[in-house]
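Note sheet for the following structure.
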Amino acid sequence: MTEPIKKRLNYLSWDEYFMAVALLSAERSKDPNTQVGACIANRQNKIVGVGYNGFPIGCSDDELPWDRQGPFLTTKYPYVCHAELNAVLNAISTDLSGCRIYVGLFPCNECTKVIIQSGIKEIVYLSDKYRDSDQVKAAKRMLDLAGVSYRRFIPQRPEITLSFSLD
Ligand SMILES: O=c1ccn([C@H]2C[C@H](O)[C@@H](COP(=O)(O)O)O2)c(=O)[nH]1
Ligand SMILES: [Zn+2]
């Protein structure tokens, strides 16, 4: 008798899958300093929205600045749409009740307002590199008040490799 073929065991967990989609989406970003991606999953573990940070539709990447410093209007900050905002706006529904959002970077206060208002109930993040900023402090204050939970994604593997080779 031949042994039955066993299922593959090295498959991605849901958390790994959605975080990987967020990180892949971030690869679309043209921000030279920080590329952020976001992936929204619903209660059935279906992806309902993805996004990354970039300038608004119709606003040429060649016209607007990517600078971080200098007078406000000469920097990227007044112009760039954040990944979480884009993911919510790209979502298939405006009602994201009970959904989770996977993000490469802890959301700022403005994204947090969008996340709360959309009905998203959990944030799973990778980096919290701006944890000491007022924006992130304000974000956490609002999330705590609104009962939106957040947890850091703790990788169980160092990387996921994708290959475009056919064989
Ligand atoms: O909630 C957030 C916060 C920031 N971003 C984007 C906006 C910018 O493109 C970069 C941050 O640039 P720094 O050079 O690190 O200041 O990240 C976002 O998408 N979501
Ligand atoms: Zn933001």
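Using N, Cα and C of the backbone, Cβ positions are placed for all residues, glycine too.
Features reported for this protein in TrEMBL:
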{"type": "DOMAIN", "residues": "13-150", "note": "domain 'CMP/dCMP-type deaminase'"}
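Remark: secondary structure over the domain 'CMP/dCMP-type deaminase' (13-150) totals 47 helix, 27 strand, 64 coil, with classes taken from DSSP. The average per-residue pLDDT of the prediction over the domain 'CMP/dCMP-type deaminase' (13-150) is 98, rounded to a whole number.
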